There are 2 protein chains.
Amino acid sequence: MPRKINGVGIQVEDTQVCVVMVGLPARGKSYIAQRAQRYLRWLDIPAETFNVGNYRRNSAPQPTADFFDTNNPEGERKRRAAAEAAVADMLKWFANGGIVGILDATNSTKERRKWVMDEVAKAGVDVIFVESKCDNEELILANIRDVKTTSPDYKGKDPEAAALDFRNRIRNYEKAYKSINEDGDEDDLTYLKIMDVGKQVIINRIQDYLQSRIVYYLMNLRIRPRTVWLSRHGESMLNLEGRIGGDAVLSHRGEEYARKLPELVRASVGDDRPLTVWTSTLKRTISTARFLPKHYNQLQWKALDELDAGVCDGLTYQEIKDRFPEDFAARDADKYNYRYRGGESYRDVVIRLEPIIMELERSEDILIISHQAVIRCIYAYFMQKNQEDSPWLPVPLHTLIKLTTRAYGTDQEKTAANIKAVSTWRGKGSTARHEDPVPEGGI
Amino acid sequence: MPRKINGVGIQVEDTQVCVVMVGLPARGKSYIAQRAQRYLRWLDIPAETFNVGNYRRNSAPQPTADFFDTNNPEGERKRRAAAEAAVADMLKWFANGGIVGILDATNSTKERRKWVMDEVAKAGVDVIFVESKCDNEELILANIRDVKTTSPDYKGKDPEAAALDFRNRIRNYEKAYKSINEDGDEDDLTYLKIMDVGKQVIINRIQDYLQSRIVYYLMNLRIRPRTVWLSRHGESMLNLEGRIGGDAVLSHRGEEYARKLPELVRASVGDDRPLTVWTSTLKRTISTARFLPKHYNQLQWKALDELDAGVCDGLTYQEIKDRFPEDFAARDADKYNYRYRGGESYRDVVIRLEPIIMELERSEDILIISHQAVIRCIYAYFMQKNQEDSPWLPVPLHTLIKLTTRAYGTDQEKTAANIKAVSTWRGKGSTARHEDPVPEGGI
């Protein structure tokens with residue numbers, strides 16, 4: 001039964017969408033599938049990937065290339081059975097309220113696509129095909145390198161033999177491969193075709209809201225590694241007092257951090273690399289950015305302002321508990337969804353950060369100087385933190401965080417400025433002005 | 001010299017973009033050009049359209065179809081001169097800080113596109129070609145009808161003769177027409193090709209932020225007429241007191257409006273037509289929507305909340321003037337850009353409404369129940385109001401506004417519920433609780 005997701009500014013209505021990946025092996029399909037899943041889940045849209053290879057490994061754990069030859073009936077039968085099992089599980093998942101199911105497989109023939117389309121349509125679920133078509137040798141080689149070292153299909157095998165076998169597997173797929181609508185008879189399908197990693201994109205018959213969100217996200221994806229730096233503003237005068245929100249100036253130590261930041265950034269970014277700096281519109285982030293090299297572009301985004309605490313803006317946690325005891329308890333019970341009176345919830349912040357995430361996906365080398373809650377939400381996107389945990393993440397002041405996106409995950413590096421600052425982390429139930437020690441497992 | 005637009009959450013950096021329209025006559029090129037211009041200007045990005053036809057009319061006011069025959073040297077010469085004059089003016093405009101120039105012409109041959117590309121590139125301006133390719137007879141006929149009645153080329157002519165001549169003109173263009181990259185040798189161009197009004201879209205080599213904004217907007221454009229209904233919430237308790245912001249419940253009369261709204265909506269929308277209702281997250285809009293038919297989808301958007309008045313939230317204008325006299329004056333001096341301390345400016349509201357506008361372009365039949373400032377911004381988008389005027393627009397309470405987008409503009413219809421309400425309009429400098437009379441020229 002479709003779930004209605006209302007009240008969050010993401011309109012899903014009654015639609016369920018099955019994203020069916022299409023493409024030869026080593027074209028980045030799984031990468032695209034995983035990124036789509038991460039993005040949708042971050043927006044609180046239930047999304048799940050069904051990888052046909054995982055199902056096939058139940059009956060054929062480490063097949064050689066000839067298993068994928070279309071003239072191998074045993075291979076054909078097992079591959080077909082794996083696809084059927086994956087689709088069956090996916091349809092069960094849709095029946096339980098899933099919104100976006102992603103079928104991660106080659107689906108490289110018209111017949112296979114027609115079969116998937118029919119099965120999924122019977123369940124009342126819309127289908128959008130997403131093909132990654134790529135003739136860029138460099139990218140294919142990089143993917144082959146990746147597969148031979150990480151795929152369970154080749155675990156324990158000689159890497160060179162694995163690479164050779166995998167190339168032969170690709171060749172077997174190529175024999176039967178048809179790009180979507182290559183013959184002009186799949187014109188009625190809804191599809192997105194991404195050529196050579198976004199160099200060209202074809203979008204066919206996309207109508208629905210949710211589909212167009214997915215398409216817009218995927219067409220902005222860059223596959224090569226990118227780096228994003230995050231920092232909170234320097235310690236502010238209100239931080240010292242344990243007050244939340246406001247628009248205070250930096251403390252003496254916060255100033256010190258602002259002066260040291262250029263050095264930290266240069267060491268991490270490199271001297272000559274151009275960088276764009278995004279701050280919020282609040283004094284404490286703009287001040288923190290003000291000693292950075294003049295040749296960096298700087299942009300202020302209202303969307304990077306701290307979570308709006310509404311009537312609680314400028315209060316200490318003790319004052320909030322005294323004046324709004326029910327709100328204090330409600331927030332601790334569900335910090336992600338609790339919306340301050342006249343203010344925002346973490347969920348609201350995620351929604352307003354969505355364009356920022358889209359820009360980050362498209363841009364390269366951005367330094368974001370923002371606030372505790374905002375950095376938690378951005379960090380949660382990159383590091384796939386769930387919504388129960390992310391509002392509680394410790395984010396230290398006076399620390400530069402470097403996130404580098406890789407094919408399957410994000411690397412993290414932290415540089416402390418070694419300038420003392422208060423702790424603004426708060427544990428559940430606590431009204432401490434500055435809570436120490438801060439638990440492990442933070443950013 | 002490129003202008004930097006910072007601090008508004010729209011990243012333009014140093015880029016200037018020339019949007020070069022491509023396509024046969026009657027393919028909706030001017031419609032697309034005008035919509036792009038409207039959208040960009042709403043986002044405060046300087047945009048201007050240069051229509052080659054207007055330049056050509058200086059030397060050939062009402063040419064017949066044979067003027068457009070490629071074998072007519074006189075016609076060729078004059079058309080070439082018109083294109084040169086338009087491009088020259090456009091480059092002058094770029095030199096004075098223009099950001100997005102739109103060249104509205106057929107540009108239907110490879111040679112012409114190469115020439116435009118070279119001229120514009122010399123000035124350091126990026127080029128994106130936007131082709132509307134359409135074989136849909138119905139749409140072409142509608143455009144021909146439009147042209148024969150509205151184009152200055154056929155003013156005073158017999159409509160049937162005009163239609164015939166225009167068809168011959170199209171035929172002359174067809175002789176030389178090449179769709180972009182039809183021969184595969186324009187692969188290096190950055191282009192967007194819109195086929196059959198968005199049924200299929202091809203996006204080639206789009207990289208830059210501003211280009212991808214334009215592309216995303218254009219791929220969401222629907223050409224057929226659509227309707228959007230707007231209403232403010234019913235009169236609230238704070239409206240009665242002349243206080244701004246807050247999260248008050250409806251007054252007695254506001255309740256009356258909520259109860260009458262279903263009748264107004266039914267009369268305007270029709271009984272059976274499905275409708276989606278968007279409200280803000282504030283009580284007064286949700287209450288106003290609560291008697292609408294149950295089969296309407298309802299969605300709450302934080303992005304539709306009223307302009308955040310920050311420290312002035314809940315105050316009367318007299319109190320604001322007393323407590324923050326400098327802010328009061330600064331706001332009146334530049335209401336669009338003035339940002340309340342800890343709150344928002346109209347500019348901020350436009351930025352956060354941008355995804356709403358994008359959704360509106362894609363959706364059909366939406367009723368928005370929101371707030372004075374928000375409705376001003378949405379209205380300004382559809383009716384092309386400029387930023388100096390839009391923050392001062394009178395928007396009456398207890399009134400349903402129907403906006404229907406047409407090819408060249410938006411029709412407006414207003415239905416008053418005939419339920420009294422206070423006036424919340426305020427003239428420059430005034431601190432009146434309820435100012436009457438309200439000037440003419442409002443929504």
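Quick reminder: no glycine exception, Cβ is built from N, Cα and C everywhere.
Just so you know, TrEMBL annotations are computer predictions that nobody has curated.
TrEMBL lists A:11-225 with the feature domain '6-phosphofructo-2-kinase'. Annotated substrate binding site per TrEMBL: A:Arg232, A:His233, A:Gly234, A:Glu235, A:Ser236, A:Met237, A:Leu238, A:Asn239, A:Arg284, in sequence order. The active site, tele-phosphohistidine intermediate annotation in TrEMBL covers A:His233. Residues annotated as active site, proton donor/acceptor in TrEMBL: A:Glu306.
Between the C-alpha atoms of A:Arg232 (substrate binding site) and the residue listed as 'active site, proton donor/acceptor', the distance comes to 10 Å.
A:Gly234 (substrate binding site) sits 14 Å from the residue listed as 'active site, proton donor/acceptor', taking the Cα positions as reference. A straight line from the CA of A:Arg284 (substrate binding site) to the CA of the residue listed as 'active site, tele-phosphohistidine intermediate' spans 6 Å. In sequence order, A:Ala248, A:Leu250, A:Ser251, A:Gly254, A:Leu397 are the residues of the same chain, not among A:Arg232, A:His233, A:Gly234, A:Glu235, A:Ser236, A:Met237, A:Leu238, A:Asn239, A:Arg284, whose CB sits within 8 A of the CB centroid for the substrate site.
A distance of 11 Å separates the Cα atom of the residue listed as 'active site, proton donor/acceptor' from that of A:His233 (active site, tele-phosphohistidine intermediate). For A:Leu238 (substrate binding site), the Cβ neighbour count at a 10 Å cut-off comes to 20, with all displayed protein chains included.
The Cβ of A:His233 (active site, tele-phosphohistidine intermediate) has A:Leu250, A:Gly254, A:Leu282, A:Arg284, A:Thr285, A:Ser287, A:Thr288, A:Ile369, A:Ser370, A:His371 as same-chain neighbours under 8 Å, each 6 or more residues away in sequence.
Ranked by how many other Cβ atoms sit within 10 Å of their Cβ, the recorded positions A:Arg232, A:Ser236, A:Glu306 place A:Glu306 at the bottom. Secondary structure at the residue listed as 'active site, tele-phosphohistidine intermediate', as computed by DSSP, is coil. Overall, the recorded substrate-binding residues A:Arg232, A:His233, A:Gly234, A:Glu235, A:Ser236, A:Met237, A:Leu238, A:Asn239, A:Arg284 cover a maximum inter-Cα distance of 14 Å. Residues belonging to the domain '6-phosphofructo-2-kinase' (A:11-225) score a mean pLDDT of 92 in the model.
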